[in-house]
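Undergrad: My structure is below; once you've seen it, I'll send some questions.
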Amino acid sequence: MMNKKRKRNTINRYQLTEYENFIKFQQLVRAYSSEEHAKSAPMFYGLNASPLGLCAFALTTFVVSMYLAGATVPVGASMGVVMGAALFYGGVVQILGGYLEYREGNNFGALTFCSYGAFWLSFASLDVAAFNFLVGYKDPEVLSNAFGVFFLGWTIFTALMFLSSLRTNLVTSTLFFCLLITFILLTSSKFLLGHQNLQRASGAFGILTASLAWYSGFSQLLNKSNWFFKWPLFAIRHRPATDAEKLLEPA
């Protein structure tokens, strides 16, 4: 009987030692995996580039919209002062924000910031004399219609972005809706040979769009750890997919 008890105790001690060694092995594997994951993580891993892209878009849109609305400057005044912000802040910086969103795997943010950054670059380049993009337009009516076609393309793109934003949050959806109205009014004013009332209306909606973009940008920058409270974006709740719907979704 004593031999059996000693044998059981020996087995139990052996099993306990093996279990402890196994636990240590698991801890080593986890530590090594965490270290390797940290080494393989991208340089900008964990960076939220949305505030950068949104603020670049907001400021440039605000300045241009003030000109369009005729606020403090006459309607139809030269936008030469605007082009600096459009080239560098609204263009280059916003595309940089889109690149960082792409690194984070945010397709929606990358498409938004890169596309509208390219819009500001292309818009500002029309005013650069060295490019001579507008030298072939002698007739003002033809030039106005050409601008109308340019803005029409961005109107269609913005409409698609608005539809894509419907399941994000209320602020983002409202932002794209106001931007869509801005482009519709601006396009209409160009096709109507610079209709000033439509241009003023587009400027007013542009100012509203810029305000929403600033709000959205700072709501993602400020939180309870660095501000008094969290700025709400009013996330849109949607019905979760059923098991049958998940099976039908493509992989």
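Numbers run from 1 along the shown chain.
The backbone N, Cα and C atoms fix where each Cβ goes, glycine too.
Pulled these from TrEMBL:
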- 49-69: transmembrane segment (TRANSMEM)
- 75-96: transmembrane segment (TRANSMEM)
- 108-130: transmembrane segment (TRANSMEM)
- 142-163: transmembrane segment (TRANSMEM)
- 170-189: transmembrane segment (TRANSMEM)
- 201-222: transmembrane segment (TRANSMEM)
Undergrad: If you count Cβ pairs under 8 Å, which stretch among 49-69, 108-130, 142-163, 170-189 touches the transmembrane segment (201-222) the most?
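TA: It is 49-69 that shares the most Cβ pairs under 8 Å with the transmembrane segment (201-222).
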Undergrad: Hey, which bits of the same chain come close to the transmembrane segment (142-163), Cβ under 8 Å, at least six residues off its ends?
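TA: Residues packing against the transmembrane segment (142-163) from afar: 111-112, 115, 119, 134, 173, 176-177, 179-180, 183-184, 186-187, 190-191, 193-194.
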Undergrad: Is it true that the transmembrane segment (108-130) and the transmembrane segment (49-69) have 3 or more CB pairs under 8 Å, sequence gap of 6 or more?
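TA: Between the transmembrane segment (108-130) and the transmembrane segment (49-69), contact is present.
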Undergrad: The transmembrane segment (49-69): which same-chain residues, six or more beyond its ends, come within Cβ distance under 8 Å?
TA: 75, 77, 79, 81-82, 85-86, 89-90, 93-94, 96-98, 100-101, 104, 106, 109, 112-113, 116-117, 120, 182, 186, 199-200, 202-207, 209-211, 213-214, 216-218, 220-221
